[in-house]
Amino acid sequence: MSEGTIRINKVLREFNISLERAVDYLKDKGHVIESNPNTKISDEVYNVLSNQFAGDKGNKDASKEVGEEKRKEKEALRVERENEIEEKRKVDEERQRQEVIRAKAVVTGLKQVGTIDLSAKSVIKPTIIPGVKAEAKAEVKTEAKVEAKTEVKVEVKVEPKAEMPVAKTPEKSEQPKQHVAKETLVKEKIFAKEPAKNVAKPIVGKTPEATSKPSVEDAPVDETHETKYTKLTGPTFSGQTIDLSQFNKPKKIIEPNKGGAKPAGAGNNNNNKNKRKRIPTKSGEANATPRVPGTNLIRPNTGGNATGGGFNRANKPGFVKGARPAIVPKVEPTEEDVKNQIKETLERLQGKGNKSKAAKYRRDKRDTHRQKSDDEQRELEAGSKTIKVTEFVTVGEVATMMDVPITKVIGTCMSLGIMVTMNQRLDAETLTIVCDEFGFEVEFITTDLEENIEVVEDSAEDLVHRAPIVTVMGHVDHGKTSLLDYIRKTNVIAGESGGITQHIGAYGVELENGQKIAFLDTPGHEAFTAMRARGAQVTDIAIIVVAADDDIMPQTKEAISHAQAANVPIIFAINKVDKQNANPEKIKEKLAAMNFLVEDWGGKYQSQDISAKTGIGMKELLEKVLLEAEVLDLKANPNKPATGTVVEAFLDKGRGYVSTVLVQAGTMRVGDYILAGKNHGKIKAMQDERGNNVTEAGPSTPISILGLAGAPTAGDKFNIFADEREAKAIAAKRTQLMREQSVRVQRHITLDEIGRRIALGQFKELNIILKGDVDGSVEALSDSFSKLSTPEIQINIIHKGVGAITETDVMLASASDAIIIGFNVRPAGNAKQLAEKEEIDIRHYSIIYAAIDDLRDAMEGMLSPEMKEEITGLAGVRELFKISKVGTIAGCMITDGKILRANKVRVIRDNVVIHTGDIIALKRFKDDVKEVAKGYDCGIQIKGFNEIEIDDIIEGFTEVAVKRKLK
């Protein structure tokens, strides 16, 4: 990027404005820039935008700051919420851990049962069990420090006595000791943690410790050891019964344990879940160490001794193997918990829960796709109501793009007061109005082209008077060309085929007084509507020629409508007044009925009775033309590049493409670069209507030029450029646009069209390649041929152009199965031999009537014939003869016409047709006959119908194919 410049898209982001807003504001301030985000602007333009839109920048910055503050607030709230959740989680974990600890403390407190009478400890001597010393040491390590010290002292005193063998203990005392030890062991396994599993072992050895010296340390032992209930597991027997149900109460909590770890010794039997079975052991097994939980053979990845093994509670955090799950007291829910629970319930009911994030993602994705498809459909529907057109679009192309019958488009234009034809081009304003009538919007794509053509503004001192441009219009054979022949002192009619004008002519005439007039001669045939419309658009004054011995004809009315649409003055020339049956007053009366009151009758329209053959009234007519021109005060600037309109174009075999143009402003010179439509070139030569070479042509001058690369379309505007590159660039762009337009106009066959053709049954197409000598004639023929199309036969003009018939045209006709029509042209080169080889039909015409009539006849020949019924005779039933295995025979008398054996018949009863069929047999007496005439009787048997009755009428008829005519 060069210093001092900046791209406008960066400025737009800085000031928070749109590109259109910036471009419009700069345009108002006198700075015209391209509407492109990558356009570079200078510091001066930047300052202009800064002065205007600094407020928008401030608003954007303020909005950004507010957005940043909101983002920070949201982030702080999110962090605070996460901290609260984390803190709450820690509190819950701590509370759960405390509950577990409290539960353990409560369970161990169950040992403090004060209902056991210890007075019997002096009666029964203690039984010393070997191995108590080692187990006692293990207990010392698991107890608290204070308890450990106390029990160590006791063990020192008791140990010598423990070594003494005591064998006189009764056998019955063995069972209570074993019973109490096992019971205590079960309790410890259920409620204690894993390190406390061995606590039950030394309890057996503590009993003799307490009973060994009751008199020496009676009080201290009671203080320290009564709360531990070390006497419960002693071997002494007091004779009292201990209620074990108080120790079995917590077992109810174990019932929900499904698949988890079971208490030691429970095994895999489901019957042991509720109550443990007591198994008495032998004396030799009394000292056996109880099985430690977890020592069973357990397979990997299973749930221990639990049934099923599918759920392993050991994976839970805080789980202690061998201990019961903690009893967590029910906590009263807080208000926040209640709100969260209600919110989760509502979300589940509304389908917004978090039970499946994947399902929610898929649902949101479906909604997004559905919304996107709906938006695309709406855009497509909106786009279908918008048509993109260029300045070259015609009425037929517009009708095709809107998919509207062309007759409706032409009718709409006529209702707006615009007389148009199928191939006539519409200006932007008219096109917008017409499309709006059908609910379409028009988008023009050629605005950038007009900006490249420099328009020179005319100053008052540069304007000079120019000659008027006069167009002569009227019905065919009313004398338009004869009028110009008399004025120009020439004989144009002799050169026209069939004595009618088929080309638009442009002539310059200099009168005796030195004044000049430019005349345009338009054809009067109905096919040349477009030519008349072009003549009216470029003219200053219109002369409507009406034959005094004729009437106001359709083309006369059309010419008047064209002149009115172009808003040009009208002069009526009533011709052929020299004839005996001429009646000019009748013509004026008809004009008055059309709201055209001539001056002779007190109106504002000028009229003149003339005779183009004898010259009657010609001088007065020219004077009225000059008077009208003087009133109009026509001026133009000759000191600028020429602009004007293409009147006609044709291909001259020796000179190339020749274009007849009418200069409306400026001056055209040999050597100038010209652009007309999509064609461009350098002017090589200029000639007037008489073939004289000229070097320059000023305003209101009709001239023929050579040098264009192709034949421009009649009606195109032309411009003169000083630089060939500029003209070539615009021509290339227009060619591209016209190609795009042709593709846009193409319509492929639709399903509805296929259905319509199938419904018709006999749908046919006629493809035509049309070549002519001049563009105006080609356009007129194209219009006329297209109007001949019917619902059953469609005319497709697949190609039309100016020039000779070439081999390319023949190959195109062969590929598309088309016929070639040449109007005043012949095949070039080997085109004729190729057409004979490919069996392509080439038709040549020089009169437009003949071409249209031949095509109409060809279309009528393509039409399927129409079947009509002709009644041949009537027969009355007089008698019936019923024959078995044959059927019913009707004895008839022919009352009208004749009945033929090949006829179809109808059976009519009480003026109602009850059957239609064929005749199987027609006999007269016993002979088979082909026909029976009126007045004779006969026997008739009808196929498949035996319900005939007397007095029925049999009507014989035949179907005849009749050639159809185009409507």
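For all residues, glycine too, the Cβ spot is worked out from N, Cα and C.
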(message) According to Swiss-Prot, region 'G1' applies to one of these ranges: 474-481, 690-697, 770-777, 826-833. Which one is it?
(response) 474-481
(request) With Swiss-Prot as the source, identify the stretch among 169-172, 521-524, 653-656 annotated region 'G3'. (result) 521-524
(message) Going by DSSP, is G474 (GTP binding site) sitting in a helix, a strand, or coil?
(response) strand
(message) Check the DSSP secondary structure of V577 (GTP binding site), expressed as helix, strand or coil.
(response) coil
(request) Please work out the number of neighbouring Cβ atoms within 10 Å of the Cβ of T522 (GTP binding site), leaving out its own Cβ. (result) 30
(message) Give me the count of other Cβ atoms within 10 A of the Cβ belonging to V577 (GTP binding site).
(response) 19
